[in-house]
Structure formats: structure tokens, C-alpha cells
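See structure below.
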């Protein structure tokens, strides 16, 4: 079975001018995935469950594992000579690696270090999301905010690690999506899901229906559409919502479905972060044949206006996302 290391080397060989910088970053992400996997698996036996007593920049209570994952990722990336800077959902501002090595590096990383961390206490799957861009500021100087405020269509790689019944690393560099499952007996990620493709049609819809009364009319209509019986379109669809973006998206990637986190009266701009969640997940979805929008626009074409900008997210199987968007457009003026 092909290992992640072998796969990275093999893919790099396809590009004669490649210098191995992106491969080095992916190797660091592989290492931090092992570290976070190890600590999540013993979370109930050590003092890293529960809240830390600290709020992040979003005003949300940080879990102890949020901080652990954030610090682990920052340390792993700072050790790489290819990384010029780092931005995390857990930090108010970006971090410029202001050393000679960092100033001469080409890439920046954005991450949600531990998505769905509130689920850890009840032993539900969580994940790490990452996004990689080439910097746009001059090489030789520290990175600037401009480097991080790029639209998602400028990503050179994105991916996630899902920590569940098994730990999987799924990523794309713009040439398809591949998944690697961690074998703890040998300490290696092995290629288990090659050239992943999201089904064009799906039967699963994932949304927090407890917020139904606060949703836009287009979302309400789509939920009703999913629940109606119609043999021709294989409805009613199945409702599955874990509450962890990575876990919900991963299931729908494999089986076909739509994940929706819309705007609502209590969060009119949506709740997920464009740079840390929306863009990397949208890049993966499109590379696997899926679609990702904010209900009206392609996620990857949105020009960011703030480091922690929020966005509604409709992502998944092409036919399902397009149907949801059709219903959103119907009520656009309301």
C-alpha cells in the first residue's frame, strides 16, 4: 500500500521544476496530525477536556484541545523554512514568521486547528482544516495582511484531518482529492481513498434544523423540499447532522449530500469563517466534483474583507447545491 510520503514524492516528480517546498509543508501537517491524533485518543485520561476559561477572537469559549491544537500547529509550521506566516481561527491577527528564513519563505497557512471541538467531551468526531497560499508580498520582507486576504481561487492546497473511528488526512493541490488513513501500528498514513469523487446526486442533507425559524425563506423551502415524498427524485432525503463541519462534509463527500450553514436572524452574515473553513472546504468540494456557494455566489470567488469574515455555506453534491441555490434566488429580494 502506498504511503503518504511515497505519494507526495511521486506527485512532486511529475513537476520537474518543483523544489519540494509544498511537499515539506504537507510533511509537517502529517506530523501534527499524528500528534493531535495521539492526544485526542487519550483526551479522557488527561486534563485536556472541557473549556480553558479563555475566549477566542470570535467571543467563543476556547476548549483546552483548541489551544493545544493551535499551539501544536503553530510550532510545527514555524519549524518549516517554507512557511512565511500563519493565521488561525484562534488568534485575532496573523503571525509573521519574522526571521531570515520566514522572510524568504513563499507560503502562508490559514487554519481552523480543531473544528467541532465542543464535541470532544462526548467522543464525537472532530477535525483540523488547513489552507495554503503563495504569498503576494515581496520575498525578503515579513508577510502582510494582504497575503492572507486572497480569494479562495488562489489556494495552492487545502485539506482536513478527521479524527474519528480512524484518523484520515484528505487534501488537494488542485489536481483531484486523495485520502490517507492513519495506521497507528506502523505510524504511517496510507493511501486509502484515491481520486475521491463526490456523487453528483445525493440523498443526505446536513443542517441544524433546531434553528429553522431563524433561517431565510429559501432555506426553509429547501428543507421542506428535502422532506417531501417524491419517488422520481428519491425523496424524502435523509437528515444527518453531526455538528462538526469536517465530519459532516467527509460523510457527504463519500456518500453524496449537502451541508448547509446558512445565515440566520441571529447571525445575518453566516457563522462559518470564509478563510479558515469556507475556502478550504470549497476547494476540496470543487476538486471532487462538488459545488460550494454562499447561497448565491461561488465561495472561491469571494474577495475577503476581514481576517475573520463569516460566510453562509452551501456545499456538497452538484445537483443538491444547485437546487438549494435556485430556492435562495427565488426569495432573494425578501
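Including glycine, each Cβ sits where the backbone N, Cα and C put it.
Going by Swiss-Prot, these are the annotated features:
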BINDING   89, 112, 114  Mg(2+) 1 binding site
BINDING   112, 115, 277  Mg(2+) 2 binding site
BINDING   115, 116, 117, 118, 208, 241, 271  substrate binding site
Residue 112 (Mg(2+) 1 binding site) versus binding-site residues 118, 208, 277 - nearest by Cα:
277
Determine the C-alpha span of the substrate site listed in the record, that is the greatest distance between any two of 115, 116, 117, 118, 208, 241, 271, in Å to the nearest whole number.
17
Work out how many Å separate residue 114 (Mg(2+) 1 binding site) and residue 277 (Mg(2+) 2 binding site) at their Cα atoms, rounded off.
11
Among all protein chains shown, how many Cβ atoms are found within 10 Å of the Cβ of residue 115 (Mg(2+) 2 binding site), not counting that one?
27
In the chain carrying residue 241 (substrate binding site), residues 6 or more apart in sequence that have Cβ under 8 angstroms from it:
206, 207, 208, 209, 248
Would you count the other C-beta atoms found within 10 angstroms of the C-beta of residue 277 (Mg(2+) 2 binding site) for me?
28
Round to a whole number and give the Cα-to-Cα distance in Å for the pair residue 271 (substrate binding site) and residue 277 (Mg(2+) 2 binding site).
10
Tell me, by DSSP, whether residue 89 (Mg(2+) 1 binding site) is helix, strand or coil?
coil
Taking the binding-site residues one at a time (89, 112), which has its Cβ surrounded by the most other Cβ atoms within 10 Å?
112
Relative to the Cα of residue 89 (Mg(2+) 1 binding site), which of the binding-site residues 116, 117, 118 have a Cα no more than 10 Å away?
none
Separation of alpha carbons, residue 277 (Mg(2+) 2 binding site) and residue 116 (substrate binding site) (Å):
11
Just to be sure I understand the packing, how many Cβ atoms besides its own are within 10 Å of the Cβ of residue 208 (substrate binding site)?
15
Where residue 117 (substrate binding site) and residue 277 (Mg(2+) 2 binding site) are concerned, what is their Cα separation in Å, rounded?
14
